[in-house]
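Peer 1: Below, the features straight out of TrEMBL:
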- B:34, B:264, B:357, B:384, B:461, B:469, B:473, B:520: substrate binding site (BINDING)
- B:34: site 'Important for catalytic activity' (SITE)
- B:74, B:123, B:124, B:125, B:161, B:190, B:264, B:437: thiamine diphosphate binding site (BINDING)
- B:160, B:190, B:192: Mg(2+) binding site (BINDING)
- B:264: site 'Important for catalytic activity' (SITE)
- B:354-525: domain 'Transketolase-like pyrimidine-binding' (DOMAIN)
- B:411: active site, proton donor (ACT_SITE)
């Protein structure tokens, strides 16, 4: 495809050695890092970029660029070396010299957003390959919608670690099933992991394994550049996703250390670096590149710039221009507000008693009609998560026009694929599973929070309220553990109105992923006042006010807001004025100013109510305050029996309130 | 092997129908549950038990029993029906009738410890098959040590969901590599998941996939009982782990619903149950079994009882008797105390400045010498986790005499396999990875906490103190998120003494798994008083006292205790008396009585210091107290630069203390 007609073999070899030199010198200067992978995969990466990749360093956000994912993220110096030589303007030699130092763009692992051209944060193994599946899927979805404007490849360098991790199974299974033919994985088959030879811990025939998942599989000598090029060419020509096993020598070029596990993650040392310079015939000083090599890498960038210009010209005259640009842009906040407000007016009028998972489906009916870029899905719990609205067709192999992904029973890959879809751009992904299985997705949820992507995790069956499935399926610590992740918004709406509000906030948070924790069981509409504002934006607010001064404040989330209201009714009979605060999002409340927070919480005794553990509730509660919730795992029984069994009832709340007011706890 | 010479085919068919009847009737009575899997796999399970399984309901803890793992845990009624018919004395028909009701032993998913014979808690998909790998590995390890006393099989029923989950890849890769020939997986190949046909979400050739991982693979009609028996027999005869693809019809016997996804997880309804009774020629009332069927199932139990008696006789005269029984027993607490105390006396004398990961290795030197039942391992970070003590040989295919498992880059499977080793008995497993990758292991850590197993997770590189690897590798929320899991002990020791104490507590906690969060960086010995008691047992204690009344209390964990001590020194110069509290285990401190806790914390202002988020620190801190730690993700730089950058320094602590005392925060 993009293969250049004439390759200067000697020059290309030196282009690869430039990667090796920068990698070993930067690691040496940092006194830490991983020279093994960049040196081992330098030939493969050079061929990939020199003969195939289409990127324009002057426009790193060009939507139709090829994507390159360094799934073996510890080999970050390979990325930085290439980006330096391609001419990304934020990747000067000062950055290479400052590898792994405070404030540099050259972090130990590639960090999305730290420097231009880094497509995804990698390091936790297996995440890169799974995220790339999302990128490759997004490319096919874009192609199905705007065929003249989307047609690029997603390339991945993956190591043994990536392929041992469980998430790789989920990712390759899904990619094979969806026949993502433009995904090409280059496996750094060096036979080495940290502990030693790979045969210490694995005997899997990776080629057979990928073939079993429906992939096109090849094997090459990863230091035979023409063979690598031929394999990539063949991979591009096959309509299945491709895996190319590249047999390499880890730390290639370090004559005394290459091929062993000591070269994986430690500086080579001055003597070995000198030996490598001699061995590679690389007489240049550290951090110094010969001009012809620099020029050759710059030519790749120039080719990319031309491709981008051609694409831009195509865009100008494309019939798809308006739709394409609209999809790339953030959803219009005002349009969404109007749609959600209309929906909420209707809810206040109707006051439905529905589970918040059902309320989510109702909100999605409005949202998916207003925003064509949403892509729904579920990890095989569609009928439980209620993530599919009508007219949402499933995406299938060869037909990517749909808007719904049947992710299969693959929570971890689902989260990573959603990260990839969001990173690719043009789409806003959401996907469903049970809240308890947030644990399966957690590494990818965390990575999404670290990267700051607009991904929405729909997590239903959010407490013991799911009932009979029992403690394995009942989240008790999951709200706390998700609230602990920085830059993640966790919503637990109390009714259909708050559910719609949570969706609105999640969709308009461009750099923060969101979790929506939704009930299995029906809940009454508690937001009965007709209003235009999204009250959930403050994180917590007074749902039921009392004459000042109030006697007690009951603070609850989700399904427990109903209990708080009932407890307030019980207390009213005792002439106790209990205000009820609904707290759908702790993270947003924490960001409010002190005056707002004090106005909501006041000085009276407080009781937190959530069918989960107390950890994290000190945002609202002082040591002398009370909490009604869980202290351990749940149990298997119908939901009402469980609420009674664990003492999460209006009666228990009212009793605790009376005692707190009397000072008797 | 155990195949009976004559099988009454008609009777065996009715034995299977008894499972179907109990499953559909119990689900109907509960108005919730999963009839599909028990009905579909009834033939396979009946053949397995009728012709192969060796269990004795009168002695469910018999160490050499065959293990049966219902990895597709939603099919729990299959287990309960079988256990009822085998005659487990806690599984009367009252329990079957009380399926999924509060207080019953028949929870929605099988819960370890709720009823005899349940080998492992399942429900979160993929956990069962991975835990079974641990059981099968433990069997081989036992066999290598005491060949006359250990020689059983581990059988697993796994569904499509189990095989889609990523953990299944890690588990089968490891099992194939270690050639666990006595592990036999029966795949319920029914072509159905919750969302519909499996071809909605997967195209993987499971048989080819298992073969790629080194497994022996067969495929049979799961309703042809003789074929199933022949396949199990062949599986027993092969020295590789075996996967038998059992083609089944989900909900077999429900004539109008079988084969569809509606039969997976909902009651059949009265009409369909009546139709099934007719279709299966099963004229018996609900919860009523014909005598010949009951007798046939009882005969299986009698055969197991005889096998157990034969084994017990062998044990009596075995040369391995003493060693075997010692391994089965809990480690002797007094012996361990003596060993650890001796080690600590030496540490107090030597005052080494070592990372707590190194201190852990030193403690393991003592422990592994004293306790032959410990089994170490690491997810490919042996040299970083320092989990291998000298003389620990790796376990390899065909050679299970070693004590170290090279788990590969498979954190999730490692945790599940350790659960399985612990559940099997005879061994105490511990395994290492980085603390940040606790997220990968989390579903299995949680399941271990729910089951209550003695498993020790060694998690090094426990903060930004790991330095240059950056935010993907730096835990900031992991301590909080692990402390959130009920029945899990999280230790963060401050020095070599506390590290040894943490190991002692972990090893002597029979029903609570432990996490040891250990530093990469060197730490001084802060426990400089020679004493005989394990002070960490109280969870937190005054490490440096002051004259009463103290001015401020500095509470820290792990690597930050050194900072607290240095801050106290700074404050001393200002004539401020700062007590320092070391808090290696929040869970243990929370269990102390109010008087002890108040004695440790006192009334003076308090400052918590931990290079992590504050969540969970309200165990120690009041709203007016201070905290020095992290508020978001880390960064890539040398550790000292990061501590300065994030303001976690003695100077910052001292400054905050001065302000708190002045009332200026």
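Note: Cβ is positioned from N, Cα and C throughout, glycine not excepted.
Can you tell me where each of these features sits in the structure?
Peer 2: Its Cβ taken as reference, residue B:34 (substrate binding site) is surrounded by 26 other Cβ atoms within 10 Å in the chains shown.
Under the DSSP three-state reduction, residue B:125 (thiamine diphosphate binding site) is assigned to coil, being neither helix nor strand. When Cβ atoms from all protein chains are considered, those within 10 Å of residue B:125 (thiamine diphosphate binding site) total 29, not counting its own.
DSSP assigns residue B:160 (Mg(2+) binding site) to a helix.
Residue B:264 (substrate binding site) carries neither a helix nor a strand DSSP state and counts as coil. Within its own chain, residue B:264 (substrate binding site) has B:34, B:36, B:37, B:74, B:192, B:193, B:194, B:250, B:251 as residues 6 or more apart in sequence whose C-beta sits under 8 angstroms from its own.
Neighbours of residue B:411 (active site, proton donor), defined as other CB atoms within 10 A of its CB across all chains, total 35. Residue B:411 (active site, proton donor) falls within a helix when secondary structure is assigned with DSSP.
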Peer 1: Rank aside, I only need the closest one: which of the recorded positions B:357, B:384, B:411, B:461, B:520 has its C-alpha nearest to that of residue B:161 (thiamine diphosphate binding site)?
Peer 2: B:411
Peer 1: What Cα-Cα separation, expressed in whole Å, is found between residue B:411 (active site, proton donor) and residue B:437 (thiamine diphosphate binding site)?
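Peer 2: On Cα coordinates alone, these residues lie 7 Å apart.
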Peer 1: If you compare CA-to-CA distances from residue B:473 (substrate binding site) to each of the binding-site residues B:125, B:160, B:190, which comes out shortest?
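Peer 2: Out of the listed candidates, the nearest Cα belongs to B:125.
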Peer 1: Can you name the binding-site residues among B:123, B:190, B:357, B:384, B:469, B:520 whose CA is within 10 A of the CA of residue B:160 (Mg(2+) binding site)?
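Peer 2: Passing the 10 Å Cα cut: B:190.
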Peer 1: Quiz question: given the binding-site residues B:190, B:384, which has the greatest number of C-beta atoms lying within 10 angstroms of its own C-beta?
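Peer 2: Of the binding-site residues B:190, B:384, the highest Cβ count within 10 Å belongs to B:190.
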Peer 1: Hey, for the Mg(2+) site built from B:160, B:190, B:192, who else sits with CB inside 8 A of the CB center?
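Peer 2: These residues sit around the Mg(2+) site: B:40, B:159, B:188, B:189, B:191, B:193, B:198, B:248, B:250, B:264.
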Peer 1: Chain A sits near which of the binding-site residues B:124, B:437, B:461, B:520, counting only a Cβ gap under 8 Å?
Peer 2: B:124, B:437
Peer 1: Roughly how many angstrom lie between the C-alpha atoms of residue B:461 (substrate binding site) and residue B:437 (thiamine diphosphate binding site)?
Peer 2: 10
Peer 1: In Å, rounded, how far does the Cα of residue B:190 (thiamine diphosphate binding site) sit from the Cα of residue B:520 (substrate binding site)?
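Peer 2: Spelling it out, the Cα of residue B:190 (thiamine diphosphate binding site) and the Cα of residue B:520 (substrate binding site) are 48 Å apart.
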Peer 1: Over the domain 'Transketolase-like pyrimidine-binding' (B:354-525), what is the model's mean pLDDT?
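Peer 2: Overall, the domain 'Transketolase-like pyrimidine-binding' (B:354-525) comes to a mean pLDDT of 98.
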Peer 1: Quick one: pull the CA-CA distance for residue B:384 (substrate binding site) versus residue B:124 (thiamine diphosphate binding site), whole Å only.
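Peer 2: One finds 31 Å between the Cα atoms of these residues.
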Peer 1: Nearest to residue B:357 (substrate binding site) in three-dimensional space, by Cα, is which of the binding-site residues B:123, B:125, B:437?
Peer 2: B:437
Peer 1: By CA-CA distance, flag whichever of B:123, B:124, B:125, B:437 among the binding-site residues is nearest to residue B:520 (substrate binding site).
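Peer 2: Of the binding-site residues B:123, B:124, B:125, B:437, B:437 has its Cα closest to that of residue B:520 (substrate binding site).
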